[in-house]
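Feature annotations, reproduced from TrEMBL:
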| type | residues | note |
| --- | --- | --- |
| BINDING | A:R201, A:226-227, A:240-244, A:257-264, A:N278 | FAD binding site |
| DOMAIN | A:3-181 | domain 'Electron transfer flavoprotein alpha/beta-subunit N-terminal' |
Amino acid sequence: MSILVYAEHDTENLKPETAKVVKAATQMGDDVHLLVAGENCQSIAEQAAKLAGVAKVLVADNAAYGHQLAENTADLLVEMAGGYTHIVAGATTTGKNFMPRVAALLDVAQISDIIGVESDDTFIRPIYAGNAIATVQTADKVKVVTVRAASFDAVDESGSADIEAVDVVKTSERSSFVTESLTESERPELTAADIVISGGRGMQNGENFSLLEGIADKLGAAIGASRAAVDAGFVANDMQVGQTGKIVAPQLYIAVGISGAIQHLAGMKDSKVIVAINKDEEAPIFQVADYGLVADLFEALPELESKL
Amino acid sequence: MKILVPVKRTIDYNVKVKVKADSSAVDLTNAKMAINPFCEIAVEEAVRLKEKGVADEVVVVSIGSKSCQEQIRTALALGADRGIQVETEDALESLQIAKLLAKVVEEESPEMVILGKQSIDSDNNQTGQMLAALTGMPQGTFASEVEVNDGKVKVTREIDGGLQTVELTLPAVITTDLRLNEPRYASLPNIMKAKRKPLDVKPAADFGVELESHVKVLKVTPPPERQGGIKVADVDELVEKLKNEAKVIS
């Protein structure tokens with residue numbers, strides 16, 4: 001069982017998800033190779049080589065992979081697929097973008113967003129916004145799998161894998177990168193944070209999200225949002241937690257002014273401890289919250305901040 | 001240009017699903033069904049491109065049993081011009097759907113295919129990417145903005161850290177994110193008109209696609225239930241519980 005894992009990074013840092021995806025991969029087989037594709041990504045390769053359980057790091061360093069365009073990345077993975085029983089990536093927007101393309105080019109199915117590994121061909125994944133859990137078995141020779149990072153622990157950094165260059169350049173003429181606008185934040189990444197505090201429609205406007213900031217700073221938390229808050233334009237959409245946004249499973253999730261629609265719960269109900277602050281005591285969020293506080297958030301938040 | 005929009009019949013997004021007692025699947029008996037929300041956004045985008053004069057024909061396709069004609073009619077009422085039902089009784093996997101769609105693309109030669117980024121039942125998020133791979137088209141997934149210009153399309157994509165814009169040479173595949181647009185409601189006259197729009201039914205077998213199943217569902221179970229929590233009286237009690245009982249803050 002040789003497993004090829006796609007390492008996700010932003011050219012400067014290996015994304016924390018990768019260590020969790022490697023954990024999932026080690027449950028599928030022993031011989032785990034990490035592929036680092038990008039432009040000027042040697043330092044990423046060095047970080048990747050430290051992950052425990054990684055036998056080899058392969059580096060495809062070329063401008064063609066600079067922005068992880070699906071066309072180029074998929075072609076690279078397909079070229080490298082020979083000899084591997086599994087191709088694995090995180091179920092991030094990057095992995096979700098190119099992995100089904102890899103699967104189709106290899107004429108195999110893809111198993112999306114797994115939360116558990118039963119055996120080398122059997123995986124567990126949520127369906128219907130997490131309201132049902134399916135155990136699926138694939139008959140394909142090459143298993144193409146994306147992993148929900150929030151469901152696996154990170155491997156530690158005790159490894160020292162060999163680094164090898166890969167000399168494969170794939171460039172599609174029909175797709176090119178134009179521009180990128182990334183949200184700047186000093187706070188931890190939403191999907192990796194131990195504590196997340198999220199605001200919903202009850203926040204009323206974007207300025208009021210500053211009420212969450214003081215608390216987030218004191219707790220070292222990331223700030224999230226419900227779809228209602230994003231759609232109303234309160235905050236940027238990359239902060240959205242839910243079926244169609246990010247899936248988080250922090251130690252502590254604080255939902256403020258969020259009713260708890262099915263789609264939002266899909267993104268956070270595996271959090272260890274859930275706190276709900278809402279003035280509507282009938283809000284569905286209270287059915288999943290470990291600690292519920294029925295209160296006006298405009299009074300409760302400043303008080304909470306002062307007491308932390 | 002011609003735009004092809006594949007749509008899927010799924011459970012209505014407000015329905016709380018139940019797993020069957022024999023753990024074989026989710027129970028859809030008598031469940032309210034609807035057009036997948038992301039597919040609705042795809043139809044809306046195609047219709048808007050037609051209204052802007054960018055597209056001249058919007059063709060909707062759905063793969064499934066006769067009941068999916070309802071969702072094709074919904075799309076026609078929203079402004080699509082004609083429908084194609086690829087008839088099959090089996091529940092198909094994304095790869096099989098993509099293979100059938102690739103055949104429809106071959107027949108129809110659209111300049112653009114717009115799909116939803118995922119269906120809210122299987123939550124796979126695969127079909128558009130697979131279709132792009134099989135037809136050799138470039139892909140713009142999770143689109144929140146689409147701008148067609150001179151044989152190319154600029155797609156602004158929602159990525160984990162923010163937004164990314166790519167430029168694709170047509171024909172291309174685009175998958176929609178929620179923020180691409182707000183779908184309109186179908187008016188009664190348009191629903192009536194939609195009944196007279198052409199809808200072709202083509203048996204899946206006629207496409208000559210090998211519909212081999214790759215994945216077996218061994219079981220479907222309800223997710224672990226969370227223990228019902230407690231209500232705290234005030235912020236002091238909340239902070240005290242989080243520190244001393246749950247021990248998640250210090």
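Residue positions begin at 1 at the first shown residue.
Glycine too: its Cβ is placed from the backbone N, Cα and C atoms.
What TrEMBL says about a protein is an automatic prediction, not a curated fact.
By a simple count of nearby Cβ atoms, those within 10 Å, the most crowded of the binding-site residues A:I258, A:A261 is A:I258. In sequence order, the binding-site residues near chain B (CB to CB under 8 A) are A:Q243, out of A:Q243, A:I258, A:A261. Each of the binding-site residues A:R201, A:H264 was scored by the number of other CB atoms within 10 A of its CB, and the lowest score belongs to A:R201.
By a simple count of nearby Cβ atoms, those within 10 Å, the most crowded of the binding-site residues A:Q240, A:Q243 is A:Q240. Classification of A:I258 (FAD binding site) by DSSP places it in coil, neither helical nor stranded. The secondary structure of A:H264 (FAD binding site), as reduced to three states from DSSP, is helical. In the three-state DSSP scheme, A:Q240 (FAD binding site) is classed as strand.
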